[in-house]
Amino acid sequence: MFCFMVEMERIVKANDREYNEKFQYVDNRIHTSKYGILTFLPINLFEQFQRVANAYFLCLLILQLIPEISSLTWFTTIVPLVLVITMTAVKDATDDYFRHKSDNQVNNRQSEVLIDSKLQNEKWMNVKVGDIIKLENNQFVAADLLLLSSSEPHGLCYVETAELDGETNLKVRHALSVTSELGADINRLARFDGIVVCEAPNNKLDKFMGILSWKDSKHSLNNEKIILRGCILRNTSWCFGMVIFAGPDTKLMQNSGKTKFKRTSIDRLMNALVLWIFGFLICLGIILAIGNSIWESQIGDQFRTFLFWNEGEKSSVFSGFLTFWSYIIILNTVVPISLYVSVEVIRLGHSYFINWDRKMYYSRKATPAEARTTTLNEELGQIEYIFSDKTGTLTQNIMTFKRCSINGRIYGEVPDDLDQKTEITQKKEPVDFSVKSQVDREFQFFDHNLMESIKMGDPKVHEFLRVLALCHTVMSEENSAGELIYQVQSPDEGALVTAARNFGFIFKSRTPETITIEELGTLVTYQLLAFWILTTPEKGFRNPEGQIKLYSKGADTILFEKLHPSNEVLLSLTSDHLSEFAGEGLRTLAIAYRDLDDKYFKEWHKMLEDANAATEERDERIAGLYEEIERDLMLLGATAVEDKLQEGVIETVASLSLANIKIWVLTGDKQETAINIGYACNMLTDDMNDVFVIAGNNAVEVREELRKAKENLSGQNRNVSNGHVVCEKKQQLELDSIVEETVTGDYALIINGHSLAHALESDVKNDLLELACMCKTVVCCRVTPLQKAQVVELVKKYRNAVTLAIGDGANDVSMIKSAHIGVGISGQEGLQAVLASDYSFAQFRYLQRLLLVHGRWSYFRMCKFLCYFFYKNFAFTLVHFWFGFFCGFSAQIALDTSYWTFINHVFIWGSIAIYFSILFTMHSNGIFGIFPNQFPFVGNARHSLTQKCIWLVILLTTVASVLPVVVFKFLKVNLYPTLSDQIRRWQKAQKKARPPSSRRPRTRRSSSRRSGYAFAHQEGYGELITSGKNMRTKNPPPTSGLEKTHYNSTSWIENLCKKTTETVSSFSQDKTVKL
């Protein structure tokens, strides 16, 4: 009896492996490979024989091993079958070898582990839960760690999470104050025996809950205290951490999808066709078997006198049974194994077309397109849904400060005449920042009015820029040349801080308690009293004068609700400006502040400390306090930042939309960022009928919001399409099934990560899918890598549509593996997405050519090939079926199989070679460059057929193909005649020499049920005839066996000639004689 325990919570004790081993936690070894040495053969064979054709040919091979029914040697089937299976197995083994190699490389990385009060180098795979690990700058994190201490003040450290969420910006993590005091003291760290009680392993990257018990006190833990596997330590000399989750339990591995065996719809279609054709083959076999039974019972017994069978040795029913299996073998060519070989060869050629396409070559990085698989090319032409990452896929992840609205006035490149915007911008000179030190030389701003307002000392402008310089999470450092370098968590924050820097408000440095900026040449230090990012990023500061200010920067939809009523006029102006910015695809943020009373803030801060120390309903209490202080804000203005799209993204999205391909954006960025990019790409437009935003915090709220949105969409659609309310109940019941096809307007769906988690539950996901599929654009923001894969799986499972996922980071790997086709972009975030993908290139715009050119061509060519191939094989196979009615259903063949095999190979391999040779020439830029006038690409087939040399080549090819066969047959009959040829020649001579004889009844002969077809593949009837065993006389002479043999041997030729001439003459006189 086996008992499987589900881990509800995890208990880990530091520096105590014996204590932790009783919980049987997994070690830090990872496995991403599919096979082992012992499991490769059975698992791989099982996967390969899931192909119906492979199983079909295996059954055929078994039948050919039975001599009573087989007329063909088993060698003709087993060789190609073993060849195909071996080639596929070698390919699978090679792919898995590289996975093993990658796993070994990761598992054998070195880490410094605290063992027996000293640091020792250990391989990653030997790290255990509860161990204390030392990390150094630019090192990968080996496991999910609880940060204990670091080289930075107050236990801070900075990590890069590109492999987790695709963002290359830095994140801040900080240790508990009680553990940060441990520092780098090895003895104190070795004596650390804290116990962590936390949640069980899960895939939630942005959430962690636990409690550390140490020194008779408990300390709450959250996500800010945890460093996850896959992160890289940056800008931190060293840090120490305690292993909480290891190996497969880490959040990175929990989010990694499994490698799946991908099949195209053509493969599935061929499997279905094989089943139908096999059923058709069974029907043909049954018809021919019934015909054989009838023929044997009514006519065949009259031929027994020519055979040495005894009467009743074989019944007609049993003869039909054996004939059925013989015809199954003979007619198997209707689905030849060469079909799959030919298909793979064509796919290989199409893959080379993709690899050689110069229009998909990115010259800046010398990166060509690469088809990393050869089995999915035709699937590219059937894509219905595209799931795309945002950062680094649609965008360059480069932010530029473009415009702003301060106190109701717009600053930026806004001419009076919008139609002449580009022209005026080009004529204007950018603001000269060269006179200032420590400015970003690449920053450009064309509106000189903002500089004038700064010089005139406008307090609102100064306060606006002060907020940009203070309210952020940017880290600063100086390089070797003394230049100020910013390390940013988000590119838009970097753009805003850089803008403030160039306008004279320079962020200089920060500590956990202060931020120092340079305001127009004067250093000013602000005391940081509180900082939170809940609904909007906010900070509480005490300025040098002792005044407490609350600075807020966030989305206008949230921040405008918290404004003081006195801001009504300014709110109206700023809203108009934000609409103008959004119409240009710019990312916007609103800026506000509030003056706080010292006494009020102290009371509020005391309640905040109590809420942080609470063990129950801590998050709810903290959220309530934040909500209390986030009110009565004074509006300053808004910013507009341009997230530069990759070149050609807008045109590509438009082209794919015209092809009726739906694009869903799945990103880990915040909602406002994702929406702005949607507008920038024209996936979201102001002309849309409605944009539904789903932001429920539980399953009930999410379900209700989805249903309301669906009802709203259906109601609007009925009003637009019908002009009146549909009252018939039947039509209302049928509306849900056809609503997607009848949606006339453009709608969009926006849903965030925590709402998506509830929407993907079993009782809500159908509502989500129905609404999403009725929308033109879907944007999912703040989603985890696993949620991306779940969305793809949802569409695959319930829509039965071909899906494509495209991304550039490690956080996109799960999505890429889950989709029918995965595309990796070789961008700024490593090669994890490329290594997991089926196709890769450097720019999103190449997706248009991959789908609409290569995908369409591959699908079109494959369909044409399959039609021709099945036609060819049906034509050949049905000849044998029809011939069965003329050979007594004896399972003989109409065509020599050896001859056909040779011709089959010539036509298959020759046609493929000629096909690709012509295509290579037609699509070769090199040939066109050499002969631009002599090689017209447009209408080349029509032009080529007008040339006489083409027809001469066709004629010569036909003659050259037929003549060798005719000459070979002629020379063989005349130079090396067989015994049958000699008899046939003698018969013709006798027929010419003798007059026609009188008519006599035609003699019938029987069919051997080891099938005449079987005899046709042996030495023929010569030996049987010369032995005399087939000649029976009614009154044999009573002589010895020697004399009998002599009698038969001296008279068999004369008897044979006489019977032959009589049969021929009788056939010529009576044409109604039946076989």
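Cβ coordinates are placed from backbone N, Cα and C, and glycine is handled just like the others.
Per TrEMBL, the features are:
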DOMAIN    12-78  domain 'P-type ATPase N-terminal'
ACT_SITE  Asp389  active site, 4-aspartylphosphate intermediate
BINDING   Asp389, Thr391, Asp808, Asp812  Mg(2+) binding site
BINDING   Asp389, Lys390, Thr391, Glu493, Lys553, Arg587, Thr667, Gly668, Asp669, Arg782, Lys788, Asn811, Asp812  ATP binding site
DOMAIN    834-893  domain 'P-type ATPase C-terminal'
REGION    987-1013  region 'Disordered'
COMPBIAS  987-1008  compositional bias 'Basic residues'
REGION    1026-1046  region 'Disordered'
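In terms of DSSP secondary structure, the domain 'P-type ATPase N-terminal' (12-78) contains 31 helix, 2 strand, 34 coil. When the alpha carbons of Asp669 (ATP binding site) and Asp812 (Mg(2+) binding site) are compared, the span between them is 13 angstrom. Distance between Cα atoms for the residue listed as 'active site, 4-aspartylphosphate intermediate' and Lys788 (ATP binding site): 9 Å, as a whole number.
For the domain 'P-type ATPase C-terminal' (834-893), the number of residues in each DSSP class (helix H, G, I; strand E, B; coil) is 44 helix, 3 strand, 13 coil. Looking at Asp808 (Mg(2+) binding site) and Lys788 (ATP binding site), their Cα atoms lie 14 Å from each other.
Separating the Cα atoms of Lys788 (ATP binding site) and Asp812 (Mg(2+) binding site) is a whole-number distance of 8 Å. When other Cβ atoms within 10 Å of the Cβ of Asp812 (Mg(2+) binding site) are tallied across all protein chains shown, the result is 33. Cβ-based neighbour count (10 Å, all protein chains) for the residue listed as 'active site, 4-aspartylphosphate intermediate' stands at 29. With respect to their backbone Cα atoms, Asp812 (Mg(2+) binding site) and Thr667 (ATP binding site) stand 9 Å from each other.
Taken as a whole, the domain 'P-type ATPase N-terminal' (12-78) shows an average pLDDT of 82 in this prediction. Look at the binding-site residues Asp669, Asp808 and count other Cβ atoms within 10 Å of each Cβ; Asp669 has the fewest. For the pair Thr391 (Mg(2+) binding site) and Thr667 (ATP binding site), the Cα-Cα distance reads 7 Å.
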